[in-house]
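What Swiss-Prot records for 416-435 is DNA-binding region, and it gives similarity to another entry as the kind of evidence. Taken from Swiss-Prot, the feature ATP binding site applies to 148-155, 211-220. For 2-114, the entry in Swiss-Prot reads domain 'Response regulatory'. Taken from Swiss-Prot, the feature domain 'Sigma-54 factor interaction' applies to 120-349.
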Amino acid sequence: MRLLVVGKLNGQLSVAVKMAMNAGAKVSHVETTEQATNALRAGQGADLLMVDYVLDIAGLIAANEAERMRVPVVACGVDADPMRAANAIKAGAKEFIPLPPDAELIAAVLAAVTDDEKPMVVRDPAMEQVIKLADQVAPSEASILITGESGSGKEVMARYVHGKSRRAKAPFISVNCAAIPENLLESELFGHEKGAFTGAMARRIGKFEEADGGTLLLDEISEMDVRLQAKLLRAIQEREIDRVGGSKPVKVNIRILATSNRDLAQAVKDGTFREDLLYRLNVVNLRLPPLRERPADVISLCEFFVKKYSAANGIEEKPISAEAKRRLIAHRWPGNVRELENAMHRAVLLSAGPEIEEFAIRLPDGQPMAPAPDVAVARGAQMAADAASRAFVGSTVAEVEQQLIIDTLEHCLGNRTHAANILGISIRTLRNKLKEYSDAGVQVPPPQGGVGAAA
């Protein structure tokens, strides 16, 4: 982790720097906020800024963001003046570290803010095969395309590959191609010279140069404009880039990783992605299975997130109840690991008893998780779905959806909660669908007695 310290290195701040270095940080130093912005602009990469709270933190953050240099900031200061600490947080600092420093606090803050040491939590055989392949190709210089649904952990996998590579001690730089406007992405990747365009007040080093010697991750590369893909292809082939407004090519030594949640082969057919670029990137493909295809990972991930967020919130770590585990495994998790992480974060905060009960685990819409269906009910619903699928040819999507919901509900004996769980939708969504069908005159199976059966 690269730490840029901003402020005068005297007394307690110097001690804090030594503690950060002992915690594994690679530390560099400037005295003023202007020097900090200039250092970032010149390509001195940083994962975190530690800034003395007597300096203009708001101005520093504004100056950096004006040039799209979004590096998290933690404030620090002697005597822990409450007003100054509050103002630093209000200005945009993620955390405040009081000085004299505490070694454990500094290590915890560095880990929490940068969050770049996410381990690979793997128990399921499907994911173990992916890890095995990643371990094989990580030491090479091959470009790797990491594919999978949104939230399945593609960036975590990219960091894992970098950590296992021969470039592990060099920078890992990530660019989200979907989050940066098309007209700015070229400058973000390749940098620009002073005066290259309106607002280019100074030379800016791009991500390719910042990653020199290390790894560059092109996140969601499928969202990149076709015109820019041509320039990217040349940079990958020639290992040199042209800054916007520059006259001389710049050599770079990097390894390229890329991620996508779209089918790039189909994008090639649609004309939105270059076939030659796909071949360059897809030397090795690591496909991350969605969470629903690796159920053995669910509880291990849950326990990891409980530990993480209990520590982050100063809450005693609790075990997960047996019923909660059953529901967690049965849920389909359309948002994958990201959705599961958010659910467990909420559960840590909402749990009131000695265990994390099933009622503390809430879905994104605030609804509790549905009970796990018993085997007989699940098998009956599957048979209903199989039988229905044979009659779906020639029907509209809405008609297919309606028939599937009605058939599943019938085989769940009217139990709304069980049916919603099998269908992979929330109970609220199911009830809204059933009301819509009833209003249209469709016969809806009545609810039966028992927990979760009420309409």
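The backbone N, Cα and C atoms fix where each Cβ goes, glycine too.
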Under 8 Å by Cβ from LEU218 (ATP binding site), counting only residues of that chain that are 6 or more apart:
VAL175, CYS177, MET224, LEU232, ILE256, LEU257, ALA258, THR259
Let me know the DSSP-derived helix, strand or coil state of THR215 (ATP binding site), please.
strand
Validating a neighbour-count step here. Other CB atoms within 10 A of the CB of LYS154 (ATP binding site): how many?
26
Could you give the number of helix, strand and coil residues in the domain 'Response regulatory' (2-114) as assigned by DSSP?
52 helix, 26 strand, 35 coil
How does the model score the DNA-binding region (416-435) in terms of mean pLDDT?
85
Cβ neighbours of GLY151 (ATP binding site) where a neighbour is any other Cβ within 10 Å:
20
Please state whether DSSP places GLY148 (ATP binding site) in a helix, a strand or coil.
coil
For THR215 (ATP binding site), list the number of other Cβ atoms lying within 10 Å of its Cβ atom.
23
